[in-house]
C-alpha cells in the first residue's frame, strides 16, 4: 500500500486521558503551564489537560449555559475570559477546584435561547474577538440564517463589527490581517485590521473549500509561524493547511472523527497540533467522535496563543 508522501512521519494519536465530549471546541495552549484548555460547548464544561503527566481535570461554570470559548487573561493567573450563552464573562479557575464567575464583561442583547457565542480568541493587541450564531442547530433544526454577528470586547462592553453571520467560527491574525471563518459561507476570509482601533475593512475570500474540492465546512483554525492557516473541516474528517496569500491547498491531514471542530498548536516547541472533535447528530455514539487528538511530525510549528488584556481591577 502506497503512503502519501505528505503524511510521511506524521502521527495522529488520540489523547485518551481526555475522554470524549459532546462538542469539543476552542482549544487554547497556555505555554507557562504546558497545558491545553478547551470546552465542551453544549455541555458547558471547561477542560484542562497537562499532556506530560496525563492529568485531566474539568469544571462546570454556574448557570447551565453553553460555553463557547476560553481565553486566558494576561498577567492574571487562573483567570479566563469565556463566552457563557450571550455573556462574555471573567472566570476564575485554578485547574483543580470549582470555578467561579467574577463578573460579566459584556453581553449581546437578543431573545434568550435564540443566539449564543461560538468561537472566540484574542488578537495580538490583547483584544478579544468572538462571534454568535443561532441556537436552533443545537436543537437539531435548521438555524435561522445570518442572524449572528462578530464582536470585539472593549472597555464599554461588546462592539459589533460584522453582521449577517451564519456560524461565527475560526479566527487568526498575521501582521495587520485578520482571518475569519463564517462556516455557513464555506470559506476563509481576510480583513485588513487597524491594530489600535480594531477597525476592519477590505473583506475578501482567501480560500473556498468547495471550489478546492474539500469536503465539509470550515470550523476553527490556527496559524503557523510562516503564515499558513490550519483549518478544521467539520463533516470533512480532516484538517487542511492553506496558504492564504496564494489561495492554495497545501496539505490534508486525515482525522479519525468526521466532525473536526478546531485546532491549536501546543507542546514545548509549539510543534504539536491539538485537534478537537464533536459527537453530535449522526456522529453520536461513534467511537472516534468527540475525542481529542494530537498530531505530530508535521514539520511546522505555531505561535504562542494571545491572551486577553484586561484592566487589573477587581
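Placed from the backbone N, Cα and C atoms, the Cβ positions cover glycine too.
Cβ neighbours of residue 219 (active site, proton donor/acceptor) (same chain, under 8 Å, six or more residues apart in sequence): 169, 170, 181, 183, 231, 232, 233, 234, 260, 261, 262. Per TrEMBL, active site, proton donor/acceptor is recorded for 219.
Feature annotation from TrEMBL assigns divalent metal cation binding site to 25, 169, 219. A simple way to gauge crowding: the CB of residue 169 (divalent metal cation binding site) has 29 other CB atoms within 10 angstroms, across all the protein chains here.
According to TrEMBL, the substrate binding site annotation covers 116, 118. Cβ neighbours of residue 118 (substrate binding site) (same chain, under 8 Å, six or more residues apart in sequence): 25, 41, 68, 69, 83, 130, 131, 132, 133, 148, 167, 168, 169.
Residues or ranges marked as domain 'SMP-30/Gluconolactonase/LRE-like region' by TrEMBL: 23-278.
Least packed by the Cβ count within 10 Å, out of the binding-site residues 25, 116, is 116.
Apart from 25, 169, 219, the divalent metal cation site neighbourhood in this chain, defined by C-beta within 8 angstroms of the site C-beta centre, holds 26, 118, 119, 167, 170, 181, 183, 220, 232, 234, 261, 262.
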